[in-house]
């Protein structure tokens, strides 16, 4: 008689077969039933004897086992894989009890399947990591919103605070934000909006020359007075005891703790600084949770670039073998990155580059601009993007550089042309973006080079006879630079304007600035007003006079772009 094929039981082995002991007992049982002999009854009798003995010795354990939802264990400690490994109390009740136990096992598996899966620790916190601050137990967070931290940016101890103090400050900040938000909602509820159907690019704006100054609201004036009063009360300098305390703290902890900030400035400014620290720490924590930054991450801390040692601001996707070093050595001419100063010294002895590749399209004095094609000089442009990401937050372009042109600004001396900054631009932009990414190197910031780069990008747009705008989103520093540039352009236009009517379209055509950017700048300067069904541009003479005084004080600065020094024609067929 052919043997019936056995079904795969839920408790069987991973290879699709049952356990060997179970299979052997099944074969023995089947053969006994076919022969009509007594081994099955004898086996059941021995099983019932063992069960009765165990119930007499440990009735409490049997009672506890009856209430246990987990399946019974075999002598090996694994869950039983078939019915043959279960003890049966008597021959007559064997079938009913085995069905009951199978049902209990299925119910138990069902209950376990509906339980929520335990979340792995490394999805939230890596408990093997520790805060690098000496003496810190990684508990608490500077924001007051997290239970643990693993970086100095979120360490309360490094900032000379406790975890409880951080929580109290977080509650106070939330209350202040809720109050400000409620006030803004009340103001917006009572304010009238007349700009819904307004078309900025086509509307002809009338000019209302108003000599009177636009005064701030009473609430803004009171707040300004309060801040001025608070700042008056700050100490002009540290007392002798305070200086000794600060020096002792510095000698004890060195760079492992933040310097003491009390009594250095007013309480108002110190609280603003603490809020900025907490917000930056919260942003870093979000990046860490998203996986963009990991604990003990391969983040380059400093780079040696020419004669400068620069602290980095953000993570850049350099190869892991370089990123894990923490310090990178970069050639300031070809932008090749290296692992050690010895390799950099050998490279500089052999490097023949003294300026960026590409065509020099602008030169005025020591300032030059080179046009570099991402398709022709791919390696250089990729290295430039990796370098820029160390100081930019929103940059996502690293390796796909072929569709872009890079305009690199340099300052020349007797050793070569040193990188000042750059901006990239799409070869064919459907939205007329004249800048995709813009950066001024940290050692050249706050010297006017950022405005020079922006002005140069709009100069190219004028030559192309197009209206340009930077690609969004802008970084924080980029937004500040662009708003300052747009403000200067509009005030210069207002100063030189002698007509009676101003058109947004005419301003845009003359300055190559997008109409949307012009309107947003006018609104920020409070020079746009809705009056008698029309939008008027208010010529604020106080702002114009202030700008003019700064221009006179600045004098003939070399930090301006001269259109006559440009030797460039728009690229075709790129």
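Here the Cβ of each residue, glycine as well, is placed from N, Cα and C on the backbone.
Where the annotation comes from TrEMBL, it is an automatic prediction and has not been curated.
Here TrEMBL flags 1-119, 233-254 as region 'Disordered'. Under the heading compositional bias 'Polar residues', TrEMBL lists 45-58, 75-93. Look at TrEMBL and you will find 59-70, 94-114, 240-254 tagged as compositional bias 'Basic and acidic residues'. Look at TrEMBL and you will find 295-570 tagged as domain 'MYST-type HAT'. If you look up TrEMBL, you'll see 471 marked as active site, proton donor/acceptor.
Same-chain residues lying 6+ beyond the ends of the compositional bias 'Basic and acidic residues' (240-254) with a Cβ under 8 Å from its Cβ atoms: 260, 263.
Here the compositional bias 'Basic and acidic residues' (240-254) is broken down by DSSP into helix, strand and coil counts: 15 helix, 0 strand, 0 coil. Around the Cβ of residue 471 (active site, proton donor/acceptor), 17 further Cβ atoms fall within 10 Å across all displayed protein chains.
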